[in-house]
Amino acid sequence: MMESWSFLDTVESNFRPLVVIELAKGTKEETIEWFTKRIVDKKANGGAQLLIKPLVTENGVENIYLVGASHLRLLLGAETVGLVKECSDNSMRTFTYSSRKTFKHFADDNHNFLTMAECQYIIKHELENLRAKNEKMIPGYPQAKLYPGKSIVRRLLTSGILVQIFPLHDREELKKLSHSWYGRVKVGYQPLDDIRCYFGETIALYFGFLEYFTFALIPMAVIGIPYYMFAWEDYDKYVMFATFNLLWSTVILEVWKRICAILTYRWGTLLMKRQFEEPRPGFHGVLGINPVTGREEPVYSSIKRQLRIYLVSLPFVCLCLYFSLYVMMIYFDLEQWALDYHKENESNFSSLMLYVPSIIYAVVIEIMNRIYRYAAEFLTSWENHRLESSYQNHLILKVLVFNFLNCFASLFYIAFVLFDMKLLRQSLATLLITSQILNQFAESLLPYWLQKRYNRRMKKRMCSKKTDTDLSLAEQVNMEKEMGTYLGTFDDYLELFLQFGYVSLFSCVYPLAAVFAVLNNITEIYSDALKMCRVYKRPFAEPTANIGVWQLAFETMSVISVVTNCVLIGMSPEVDALFPDSKTDLVLTVALVEHLLLAIKFIMAFVIPDKPREIQTKLAKLEFESLEALKQQVTAFQMQLHFLSIHQ
């Protein structure tokens, strides 16, 4: 591949804009000249070897630049990032430029071999890996210090010189996707392959999981309705429902692994090698040599990182957890006040007042979760993790621990300290419904309304200037740069995780939770699709092979749900009446049932394979062929050495 870089031309007549770079107004010319030179400079000189052009508008040249790449550059970039494509024999293999002819649909004049999302991902990868070499500062800005190994894009962002980088929408493809995705209300599956081609694997996998989880909730909802209507106070009848819930939670998570493997194999990300993942843009350190890859990259002491985690981050998280518990106790004081007020007055108004503390507490929980999220992001970034995957795992762990305690601590307190099942049902229903309404409003309805207002103003301004209704490139860029930025699937998975907790943890107390979850998720599919296509800028594609640490989070929640449901059933008056003489026998029986159910869960998780047999066979075949190819290379090398030794 190294030989190919030298023949790479940085000039291409058919320039296709893929990514937009917006610089701050008043950015100095020497800074612009230096940055654009680094973008177009050759790889051997530390550049990205891409194409860049300024955006020309009616007002002249603004500080907005369009970035593209030649077809050859994108193909070489595809090899660098390790994209996996389908071969002519229908197998999936890592793309290499030297073997490009063996891949399906490849032709030298076929510029659609790589999807637009893949091209934008390659450009993002190259821009993020622009690192300072000998520069001590950003030209024109002495206060913006640089050192060898520092990410140039990251430094420009933190200095306020670079406003944003985002990929352009393809208006025609977006219109087609919108129509097939959410343009009409229908009962059917989402176009996951089309979503993947346009937005990338990470977002497509989220929508695949959302769709699968919604369908998986339907049996729970169907069974839960008659239990809610006809067996409200008969806890012994909930034993079968709770048992089904516990087995259901295990089966759906194991089956999802299989579906995920099928999807990601078809998309090529199941085979992508992630062990040599590039350092994340925010990672900083002294420039050194990676002992595995031999490449230059920043090096940072792991001891320093561990000290930051255990001496700063961990105490801060513990302090936040204490504050969350303090707020919870205030909520119980409000509950007691509302109950006393109702006993004194016993009116319709006092009956409504019984729900006010739970509603206020649900709103406070959402506010605290969002504030804590910003603090967790700052701390995790400050810890200076080398890999994006490591950064995400530490961030998710911090947020999950706080959100779990913040959302469920009050329910555990009501169930196992106050022993008030009526209040538990009321609080669970109020927290679930209120959180769903707030999330729908904050994540979809409000951003959509604001964006629609802005688009209406923009269209009026355009219509006053010209009669042509088609957007020019300049108008498209100016409209998209004002759109909101999609921050990733983190909040979406977190919402599903908390919903899974509400459904599974206390299922035997409030079986109607699954019904509200299904209704919410149906609207969530359409509202999330709408915000992806109409509200936010197009996000960069991110290859992924699974839902990552969220799989472990859901499995952990299902294990906790076994314990909570067994204890709740053991606390019911009907079960308690079976052991009138000895409470020790009751405790031992509940513990035995709980251990038996956990054993069944783990056996089922072991018995159900994570990958279908067909996928396992294909992966084994690829591994065998790779070993055979390696043997042939070693044999050929040995023969060359033998030939040279004979002729010396």
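Including glycine, each Cβ sits where the backbone N, Cα and C put it.
Copied from TrEMBL, the annotated features are:
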type	residues	note
DOMAIN	195-621	domain 'Anoctamin transmembrane'
TRANSMEM	212-232	transmembrane segment
TRANSMEM	238-256	transmembrane segment
TRANSMEM	309-332	transmembrane segment
TRANSMEM	352-372	transmembrane segment
TRANSMEM	395-416	transmembrane segment
TRANSMEM	496-519	transmembrane segment
TRANSMEM	586-608	transmembrane segment
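Contacts between the transmembrane segment (309-332) and the transmembrane segment (395-416): present, as 3 or more C-beta pairs lie under 8 angstroms, all at sequence separation of six or more. Non-local neighbours of the transmembrane segment (212-232) in the same chain are 238, 241, 244-245, 248, 252, 256, 259, 496, 500, 503, 507, 510-515, 517-518, 521-522, 525; each lies 6+ residues outside the stretch with a CB under 8 Å from one of its CB atoms. Sequence-distant residue pairs (6 or more apart) of the transmembrane segment (586-608) and the transmembrane segment (395-416) include fewer than 3 whose Cβ atoms are under 8 Å, leaving the two stretches without contact. Here the transmembrane segment (496-519) has Cβ contacts under 8 Å with residues 209-210, 213-214, 217-218, 220-221, 223-225, 227-228, 235, 238-239, 241-242, 245-246, 249, 400, 403-404, 407-408, 411, 415, 421, 424-425, 428-429, 431-433, 435-436, 550, 553-554, 557-558, 560-561, 564-565, 568-569 of the same chain, all six or more residues outside its ends.
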